[in-house]
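See below for the structure under consideration.
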Amino acid sequence: MNYRRNICLRIGWMLLFAFIPAYAGHSAEEWKRRSIYQIITDRFSLEEGATERIPCDPVRFMYCGGTWNGIRNHLDYIQGMGFDAIWISPIFENVEGNDIDGSSYHGYWTTNLYELNHHFGTKEEFMELIQELHKRDIWILLDVAINSMAINGPLEQMSFEKVIPFNDASFFHPHCWVDYESNDIESVQNCWLGDENLLLADVDTENEVVLSVLEKWIKNVVQEYDIDGIRFDAIKHAPIEFWLRMSKAADIFTIGEYFTGSPAEACDYQNSGLDSFLNFPLYWPITWAFNNTGLQCEALAIAINQINEECNDINVLGTFIGNHDLPRISHNNTDQARIMNAITFVMMWDGIPIIYYGTEQNFNSYHDPFNREALWLSNFDMENVYYKLIGILNRFRKSVQRQEENYVNTRSTILSVKIHHIVVQKLNVITVLNNYGIHNEERLSIVFKPLGASPKDTFFDIINNQKYVVNTDGTLKVVITNGFPIVLYPTSKIETSLPQFTATLLPEITFVPSITVTTHYVLPTLLAPLGYDIREHPGGQQFWNTLTAKSEAKTIRSFTKLKLFILLIAVPFALPMIILI
């Protein structure tokens, strides 16, 4: 009797687990179909019942009270934009206290790898968040900072005693400060970050004891918390061999942060075996293309071609226009149409789209710490035009994936590019982007030849609710209105499979002047963008050097011709004046 009972129980448990989805880990190929919403836990949402207007000044570098429960309570808000993955800031115990460098609300000053950060909640509450995410088919990308451990300074008084599990100096490289000026690889990978007040001791990633401990640790984290993917922080500061071992131990999708404007440098990590990296080499060209910088869309096309040449698989790279370290897209760009074009590029271009929290609310702050605002101060506005735009593009992207099996593995083709526009096609999806701006009242037309289209084929613009017919010569002419982006898909596919796109986004847009408040929360704006010199920004000089080196590039030729033209006009007038003097 007991034997039969045990057999029945075993069969019962087997049947039960057969119907429970396995969420612990997903491959790079699976992640290509996802889109990611990046969150800083402390700044996303307060506990239920907390005062929603609680002050949070990013400049103070203090904990503001966001928790894992807060995230769980606002998953409807995230799903309303169509996201099916979130990237959350590091979860492990950080140094305590508030010194001149502030507090560790961001999670990157790890001091104990075996305990969670109590400021964000308990282990049970974190597990409840994971369970609710997976119940909704939302994956979690966990941010991990393991190349260094945080120790309170000053240097002469520091102690490894509270650093867990590496509580001895033998587990770290000898102290030296990273030399940012020399770009020496030995310094970058073996010296320390931080400062005299907060030291980020550089873990000896060549030490086999350290490697063994971290391999077991990361494997356990993935299994214990049902993690779907991992984001490695600051991969530039450790050898590629270290990250490959960590990635193999995790046995799930991994994406690294390599802060560089060079496609060759970044792609080398992927080509060596790492699944993916955040596409910094494309970030700056995207920003400049849809801003007032003078480089515009032709420079973006050059960057695209460079990355295509250097990388093995661009469709798994993380595409973004902002994060917790960089200025928000609205900081130097207050033109609503251009911002919409930048967002559309991220959502429709090759790779995994990543949207930093607050982008959907048009937060307009500068870099760290200003760009780490409290989202609750926006009241989680689901009527904002950018919130709606992201939702439409996310749902459209999902619908296309269901219809076109190889969509996520197909590279986009540039059909047309000029200084003010770029047209790309990915299977049957055609994206027309421009930087004319919302003030351009002229109805501008762009003509291009879609791949695989026949005369009289019709395309539907899901953003502007317009239909276009292919001409007898195989070309398609679209009209740019107020500088808004255009996303086209065959009308037959829209009508049969995408009925939700029969309504347009634009009639719902209310254009109102920007209102800047202390939280950096602003409404959509009609103002022109602010210009800035790209060479003043990290990675900007690298890209500028690469771009200017390509003398055959059309953009550079155009600038050269303009300069020659000015000289030819100016010199004849200037010479008589010089002679008279």
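Using the three backbone atoms N, Cα and C, a Cβ is placed for every residue, glycine included.
Same-site candidate for Ca(2+) 1 binding, as annotated by Swiss-Prot with D202, H237, chosen from N147, N305, N308: N147. Listed by Swiss-Prot as binding substrate are W109, R231, K236, H237, G261, R372; the candidate from D76, D137, D325, D335 that the record includes in that site is D325.
Recorded disulfide link (Swiss-Prot): C191 to C176, out of the candidates C176, C267. Within the set C267, C297, the cysteine that Swiss-Prot bonds to C311 via a disulfide is C267.
When the Cα atoms are compared, D325 (site 'Transition state stabilizer') and C267 (disulfide bond) turn out to be 21 Å apart. If you measure from the Cα atom of N147 (Ca(2+) 1 binding site) to that of C64 (disulfide bond), you get 26 Å. Taking only the Cα positions, the spacing between C56 (disulfide bond) and D202 (Ca(2+) 1 binding site) is 32 angstrom. In this structure, of the disulfide-bonded residues C56, C64, C176, C267, C311, the smallest number of CB atoms within 10 A of the CB marks C176.
Taking only the Cα positions, the spacing between H237 (Ca(2+) 1 binding site) and C191 (disulfide bond) is 9 angstrom. Calculated from their C-alpha atoms, the gap between C311 (disulfide bond) and C176 (disulfide bond) amounts to 33 Å. Cβ atoms within 8 Å of the centroid of the Cβ atoms of N147, D202, H237 (the Ca(2+) 1 site) belong to the same-chain residues S148, Q189, N190, W192, L193, L200, V203, T205, A234, A238, site residues excluded. In this structure, D325 is the one among the recorded positions D202, D325 with the smallest number of other Cβ atoms inside 10 Å of its Cβ.
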